[in-house]
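Worksheet for the structure shown next.
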């Protein structure tokens with residue numbers, strides 16, 4: 001039995017070796033650390049140089065309070081609109097038997113994507129400005145024009161418009177997981193169509209909806225172009241206030257403090273949502289889009 | 001009674017859907033319509049139609065420069081984002097490196113950081129590093145923004161690719177590296193292309209960070225449109241916007257077709 | 001070399017497993033297993049899911065490294081080598097063809113890795129295509145082929161570079177029933193034609209019986225029986241093999257000091273056990289086709305009621321609730337079926353067809369499993 005040759009045992013696994021793996025992800029770690037995490041840390045440092053004096057100043061000022069209140073209210077309303085509209089579109093895509101209706105719905109999802117952030121808002125300006133399409137229509141009907149541009153509802157409209165594609169994609173992913181036979185069964189058992197939607201759908205789709213809504217809210221508080229273009233440079237939004245602090249008053253600590261508030265709120269919403277519906281639903285909502 | 005309620009709910013649903021479709025498509029239609037108007041100032045309804053806006057757009061060197069700048073920033077940014085995202089995705093699924101999922105999760109989750117906050121943070125950082133008003137600074141920033149988009153696309157694509165062909169290649173004598181490159185990498189290519197397109201569109205479209213850290217000479221196409229919107233409503237914008245829209249739509253269609261070809265192969 | 005080798009090396013042995021064991025974080029996935037495979041054998045690892053058969057195949061293929069023990073391929077310990085270094089062929093359940101390469105290029109892949117010249121490669125690919133009868137699809141992409149064709153390409157691809165051993169991991173699992181039978185005979189033909197050693201994993205005992213020269217039956221992370229299919233079928237070495245492989249119904253029984261055999265659950269009588277049967281407790285196994293309806297002289301008899309019957313063409317399967325065991329299955333020719341559910345019947349099991357297993361720890365003369373935990 002001396003003919004048996006022994007090869008020194010080394011653990012071979014079908015995995016990339018750890019040291020190569022580490023080298024391969026170093027650029028990503030560096031990019032995230034230097035250009036994402038460090039800038040956010042800088043915001044905290046910049047805003048807390050004199051203790052929390054800057055936060056006190058920002059939070060006690062009338063413009064600061066108004067900006068915070070308006071931003072979060074507008075984001076909340078926009079989130080509600082996005083979830084509602086996305087549900088209607090997503091549900092139609094899932095259930096309609098007419099191909100052209102489904103195609104039209106998909107065009108509606110993709111059209112805002114095609115336009116890009118600035119063009120979207122510009123297009124809305126063309127629609128709702130004083131000389132815009134809507135007011136031209138009102139004039140043609142002999143009615144008085146309405147001031148719509150540079151208002152909070154205009155910003156809500158812009159945010160909703162921008163986030164509907166995202167909403168439809170995530171909510172559609174939730175709907176795809178729902179067995180339509182459940183609804184048919186409920187109908188066979190004597191429930192009406194709309195009744196069965198509420199009784200069967202809502203419990204099944206709940207976590208997906210909450211995750212989707214939370215992400216929509218977190219994204220909408222960070223909107224910059226929409227408040228600036230549709231709300232106007234002096235509109236009471238955090239984005240415009242931050243811009244004014246940097247570009248007009250050169251008050252970087254105040255801008256940093258306001259940014260930290262934005263960041264903290266967005267993170268808190270996500271953390272609470274993960275606690276509520278689990279990290280799985282949130283991950284699905286983030287990646288299915 | 002229940003029956004009546006059902007009919008009411010369903011009719012309301014149809015009316016709501018129709019209203020939604022009109023509101024969503026109206027901006028697209030208006031932009032396209034006005035881009036073919038022949039007036040010097042924005043007016044609705046337009047007086048006449050023609051190619052004036054497009055001719056103005058291509059005649060004006062400022063617009064042409066901004067398109068060129070946008071491309072020269074977004075293309076390297078996309079390349080950087082793909083180069084950074086691809087290893088993260090591969091390592092997360094093909095190694096046992098501790099923290100691999102945390103890294104991928106962090107990169108994906110960076111999508112929810114409010115862009116305004118990140119822009120102020122980068123403004124602070126770039127002021128210290130002397131990166132404000134530099135193309136490099138903007139390229140890196142756009143890459144950071146495109147990273148989660150690209151990463152999500154590549155990760156989803158990779159997770160759909162079965163590992164057994166890779167294993168089969170290894171039993172046939174290929175090293176892990178070769179099997180990853182030749183077999184899995186080849187199968188992942190459509191997902192990489194599609195993700196790169198989506199990332200490119202995202203980077204090209206970016207305007208917030210340009211607005212904060214870009215210099216006076218750094219007017220990208222979206223920034224040019226933003227400036228024009230805030231100043232006046234020059235109808236030439238509609239031509240730029242229309243081209244941007246058609247370009248995006250075409251690129252997205254390419255991404256979708258590439259993805260479909262890949263999944264058809266997979267099913268076979 | 002030390003003397004604790006449990007398996008002796010022999011020139012005919014292509015592959016030897018020497019106390020190979022695998023555990024994941026302390027949980028045993030494969031108990032120490034030893035056996036040797038001779039050149040040209042068709043060995044099947046047969047067992048239910050979770051029995052350790054896939055783990056064993058992965059250890060041989062090189063996708064897992066054994067926690068202890070050695071795997072010897074032609075006298076060389078390969079247990080630390082990567083799959084690429086092992087020079088084995090493998091066919092997976094999912095066809096796992098390279099979707100972007102044509103049939104011919106798929107077959108060529110392993111040859112390229114071995115740096116064969118273009119001319120040799122072309123000749124070998126043509127040869128392999130002829131063996132699997134796919135000459136006309138050489139330039140097709142995998143997606144254009146049927147499931148059966150894809151699996152034949154996978155076999156050709158894995159055999160092209162003439163590996164010492166071909167491993168097959170449930171290769172027919174994704175195919176439908178008719179195609180499976182067709183592919184079985186294809187695989188058997190190719191095995192006969194090339195004479196390569198095959199190691200085949202399946203959970204289907206019919207498939208194992210049709211194909212194998214030897215079968216290793218696995219359960220609970222160990223090999224519980226190893227032998228020729230007909231031998232294992234007629235003389236299963238343990239209860240698991242009797243039930244899983246021979247499809248037998250088992251009944252507790254005992255043999256007393258005067259070598260009288262009786263069922264533990266009572267029943268009517270006692271019978272003389274075969275000469276030389278030691279006293280003690282036994283498990284009595286009844287294969288469906290070993291049982292006779294009616295009284296056979298000297299054979300143990302169960303009395304019961306037919307609960308249902310199922311027609312399989314020429315045969316009928318009767319389900320009988322007997323006095324000592326319920327759910328007894330008996331297969332008789334259809335033309336002999338004069339019975340109806342509810343009928344009382346006597347079921348005799350002639351000693352030459354019966355399975356009689358002493359109730360003792362699993363040991364078998366058929367193989368030496370180093371299964372001492």
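Indices start at 1 and increase along the chain as displayed.
For all residues, glycine too, the Cβ spot is worked out from N, Cα and C.
A TrEMBL annotation is a machine prediction, not a hand-curated record.
Since this is a predicted model, take the numbers as computed values, not measurements.
Of all ranges given (B:12-36, B:37-61), TrEMBL attaches the label transmembrane segment to B:12-36. Range B:179-204 is the one annotated as transmembrane segment, of B:179-204, B:205-230 (source: TrEMBL).
Contact between the transmembrane segment (B:236-258) and the transmembrane segment (B:12-36) is present: at least three CB pairs lie under 8 Å, with pairs separated by 6 or more positions in sequence.
Panel annotation: around the transmembrane segment (B:138-158), residues 73-74, 76-78, 80-82, 84-86, 88-90, 92-93, 104, 107-111, 115, 118, 122, 131, 184, 188, 190-192, 194-196, 198-200, 202-203, 206, 209-210, 213-214, 218, 220, 259, 262 of the same chain, lying at least six beyond its termini, place a Cβ under 8 Å from a Cβ of the stretch. When Cβ-Cβ distances below 8 Å are used as the criterion, the transmembrane segment (B:67-90) is approached by residues 103-104, 107, 135, 138-144, 146-147, 149-151, 154-155, 158, 180, 192, 195-196, 199-200, 203-204, 206, 218-222, 240 of the same chain, each at least six residues removed from its ends. Long-range contacts of the transmembrane segment (B:102-126) within its own chain (CB-CB distance under 8 A, at least 6 residues past either end) are made by residues 85, 88-89, 91-92, 132, 134, 137, 141, 144-145, 147-149, 151-152, 155, 208-209, 211-213.
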